């Protein structure tokens, strides 16, 4: 199995998982359950509910539970629970929808409900016990599926766009053509729009745009119309209209003037 397909399979399993966290704590089917020892890189689809699990330590043995959250463009956030005083404390936690799954004295896991692009970052759960400290970290990468569009522009040029994907999608053409340009537009939320423009010879009737992305691949086809023409700009169209109207006005003016002078000459001859 290729690496991209393996990664897609992992993402699908994460987004559809109803497994329990390590330690025997059952999660509902509305959550994607993420579990591993140490530090892992974890891709997660946007708009799902994710649960990040603490190390599997019996709650009766814990002293303090701390979640450290480092997000892009945000100060470091800390969520802590102290068992002795049954107190919870938060520091610099401004991003919404990141909470304890339930009461931390019953479940020390963290939930993100639902995931969006602001939740990209590093999450570490630390459990302090009489036997030492245990931690589990997650490098969370939020994935956004791009919207794919394909259309024909001027002449016989096909344009394929993968709109607001995260990370940037890759575009290829079938059959292969001489790509005129590939542009990437970056947005503030971390998504990227990729636009590929490809001209084709007149004998090509149908072309296919293939978009590759970590969330899955997609292909669209379009039938090329060799007779399709579009004006260069609205200003050019306006100038053409004005030119036609002006020409018509001049013709009417000349005709009216000719008739007028003919009548004057006729009156002079009669007199």
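Glycine is treated like the rest: Cβ placed from N, Cα and C.
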| Range among 219-239, 240-260 that Swiss-Prot annotates as transmembrane segment | 240-260
| task | List the helix, strand and coil residue totals of the domain 'Ig-like C2-type' (133-221) as derived from DSSP. | result | 0 helix, 58 strand, 31 coil
| message | Would you identify which of the glycosylation sites 92, 217 has the most other C-beta atoms lying within 10 angstroms of its C-beta? | response | 217
| message | Run through 39, 86, 160, 189, 209, 217 for me and report the recorded positions whose CA is within 10 Å of the CA of residue 92 (N-linked glycosylation site), in sequence order. | response | none
| Who sits close to residue 39 (N-linked glycosylation site): which same-chain residues at least 6 apart have their Cβ under 8 Å from its Cβ? | 124, 136, 137, 138, 139
| said: Highest Cβ count within 10 Å among the glycosylation sites 86, 189: which residue is it? | reply: 189
